[in-house]
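Student: Dumping the structure here so I can ask a few things about it.
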Amino acid sequence: MAEHGAHITTASVVDDQPSIFEVVAQDSLMTAVRPALQHVVKVLAESNPAHYGFFWRWFDEIFTLLDFLLQQHYLSRTSASFSEHFYGLKRIVAGSSQQPQRPASAGLPKEHLWKSTMFLVLLPYLKVKLEKLASSLREEDEYSIHPPSSHWKRFYRAFLAAYPFVNMAWEGWFLTQQLRYILGKAEHHSPLLKLAGVRLGRLTAQDIQAIEHRLSEASVMQDPVRSVGEKIKLALKKAVGGIALSLSTGLSVGVFFLQFLDWWYSSENQETIKSLTALPTPPPPVHLDYNSDSPLLPKMKTVCPLCRKTRVNDTVLATSGYVFCYRCVFNYVRSHQACPITGYPTEVQHLIKLYSPEN
């Protein structure tokens with residue numbers, strides 16, 4: 001039985017084809033980096049909204065731009081994405097087995113480079129936006145934010161009904177491809193690699209030497225520049241390369257930090273964490289920073305600060321502790337991403353509905 005399993009796991013279509021463990025590990029690397037950076041930006045934005053609130057509001061776009069620079073840098077210099085290069089892999093143009101292989105240091109051909117960039121950067125961005133849209137529409141539908149006569153109601157309800165099945169089909173497509181890869185029936189573990197016209201292979205010793213040689217040459221050589229246009233082009237190229245190199249260095253260090261966090265929060269360390277965090281709840285502050293003269297704060301505790309009417313569907317903001325009508329605060333937070341009273345960065349997920357005994 002073990003012999004049969006070993007045969008299956010080593011049944012590669014190509015000799016330099018990486019194992020399923022390597023390709024899954026490199027796939028999960030960038031997947032782990034995004035939420036980690038998002039959490040860091042969230043903490044900074046909550047601690048100083050004036051300086052870091054912009055980065056929280058536009059996190060997806062900023063991350064996509066930096067990811068684009070990073071992936072372009074690696075694809076054009078190592079024929080691999082950042083995570084693939086981190087695990088010693090490279091992208092090989094499909095159908096080039098009969099021809100001399102292009103060295104990894106030469107980068108991918110332009111057509112395959114842009115296809116790879118689109119699937120590595122643009123597609124994840126669109127997927128994140130689609131998931132946020134589905135989550136937002138689901139919450140609006142659950143609490144009937146839209147009026148019954150809304151023309152969009154039928155459309156977004158159809159979208160909400162179809163989205164889980166489309167997502168399931170998408171994930172099933174990837175799972176099927178991975179199973180075929182494990183059984184040696186496919187040379188791509190991901191359908192996106194096939195669409196990009198490339199496959200993954202391991203870096204050879206010659207590839208590693210050539211990449212290191214090219215990096216050392218780039219730092220030493222300075223080509224004579226003739227025109228102002230060439231100077232600007234070279235300066236932009238160096239700036240982009242410097243940003244990408246800084247990102248790659250920071251991410252390389254961050255990867256080890258993420259692995260440490262993964263170990264820290266593993267099941268083996270749960271008892272240690274509980275013993276450290278099982279501290280008594282501190283008493284409430286004697287004096288709260290409460291400005292009774294604020295025009296937004298009503299005199300009666302049952303009045304919503306936004307609509308100035310008796311609250312309906314009491315909802316508290318976890319970021320500030322103030323209570324509003326659900327409809328009022330939902331629309332405000334969705335538009336401004338902040339608490340109406342304190343201005344603290346706030347998302348729809350911070351809304352907590354209250355159910356009093358009187359209701």
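Cβ atoms here come from the backbone N, Cα and C positions, even for glycine.
This is the feature table in Swiss-Prot:
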TOPO_DOM  1-19  topological domain 'Peroxisomal matrix'
TRANSMEM  20-47  transmembrane segment
TOPO_DOM  48-51  topological domain 'Cytoplasmic'
TRANSMEM  52-76  transmembrane segment
TOPO_DOM  77-109  topological domain 'Peroxisomal matrix'
TRANSMEM  110-139  transmembrane segment
TOPO_DOM  140-144  topological domain 'Cytoplasmic'
TRANSMEM  145-183  transmembrane segment
TOPO_DOM  184-249  topological domain 'Peroxisomal matrix'
TRANSMEM  250-277  transmembrane segment
TOPO_DOM  278-359  topological domain 'Cytoplasmic'
ZN_FING   304-341  zinc finger
BINDING   Cys304, Cys307, Cys325, Cys328  Zn(2+) binding site
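What does the local environment look like for each feature on the list?
Tutor: Secondary structure of the topological domain 'Cytoplasmic' (48-51) per DSSP, as helix, strand and coil residue counts: 3 helix, 0 strand, 1 coil.
Applying DSSP to the topological domain 'Peroxisomal matrix' (77-109) sorts its residues as follows: 10 helix, 5 strand, 18 coil.
Mean pLDDT across the zinc finger (304-341) comes to 89 in this model.
For Cys328 (Zn(2+) binding site), the same-chain residues lying six or more positions away in sequence with a CB closer than 8 A to its CB are Cys304, Leu306, Cys307. In three-state terms derived from DSSP, Cys328 (Zn(2+) binding site) belongs to a helical segment.
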Student: Can you tell which of the binding-site residues (Cys304, Cys307, Cys325) has the fewest other C-beta atoms within 10 angstroms of its C-beta?
Tutor: Cys307
Student: Give me the sequence-ordered set of same-chain residues, not including Cys304, Cys307, Cys325, Cys328, with a C-beta within 8 angstroms of the centroid of the Zn(2+) site's C-beta atoms.
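Tutor: Not counting the recorded site residues, we get Pro305, Leu306, Arg308, Lys309, Arg311, Val312, Phe324, Arg327, Val329.
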